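First the structure, in the form of structure tokens, and then the observations on it.
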Amino acid sequence: QFRPQPQPSYSGNTSPIPIIRYSNEISPDGSYAWSYETGNGIAADESGALENPGQKDLEAMRAQGSFSYTAPDGSPISVRYVADRDGFHPEGAHLPTPPPIPPAIQRALDFIASQPQQPGNNGGGQFPRPQPFPRPGAF
């Protein structure tokens with residue numbers, strides 16, 4: 001049976017938010033820079049350019065920028081980032097970080113890293129060649 005769903009209601013300021021500052025520049029070489037700031041405290045900027053132009057397999061766009069705003073709970077949010085051939089790399093005080101490595105594990109990792117490479121233990125393919133399966137009844 002069909003029942004109309006309640007429509008969400010939005011409260012708050014419905015008046016337009018002014019753009020205080022806006023810039024957008026594109027260069028003939030493909031590099032760019034843009035930025036803006038709004039009347040309610042949102043700000044963002046980014047610049048980018050082609051890295052290693054003309055070098056096959058190394059050519060990639062690289063962008064760096066930031067954005068900031070105030071979260072609904074009133075806390076300031078600010079993110080700086082780089083986006084390149086290795087992915088998106090954000091930094092911000094509010095972003096989660098991995099827990100520290102426990103000292104015992106760190107000592108073990110340091111010990112392993114300090115050991116010389118052992119012959120045949122470097123991933124160089126020192127494995128026995130696979131053998132064919134015997135035919136059924138040929139035992």
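Positions of Cβ are set from backbone N, Cα and C atoms, glycine also.
Here is what Swiss-Prot says about this protein:
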COMPBIAS  129-139  compositional bias 'Pro residues'
DOMAIN    29-99  domain 'Chitin-binding type R&R'
CARBOHYD  Thr14  O-linked glycosylation site
CARBOHYD  Ser15  O-linked glycosylation site
CARBOHYD  Thr97  O-linked glycosylation site
MOD_RES   Gln1  pyrrolidone carboxylic acid
REGION    111-139  region 'Disordered'
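Feature annotations (Swiss-Prot) mapped to structure.
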| residue | record | Cβ contacts under 8 Å, 6 or more apart |
| --- | --- | --- |
| Thr14 | O-linked glycosylation site | none |
| Ser15 | O-linked glycosylation site | none |
| Thr97 | O-linked glycosylation site | none |
Completion exercise
Grouping DSSP H, G, I as helix and E, B as strand, the residues of the domain 'Chitin-binding type R&R' (29-99) number 0 helix, 41 strand, 30 coil
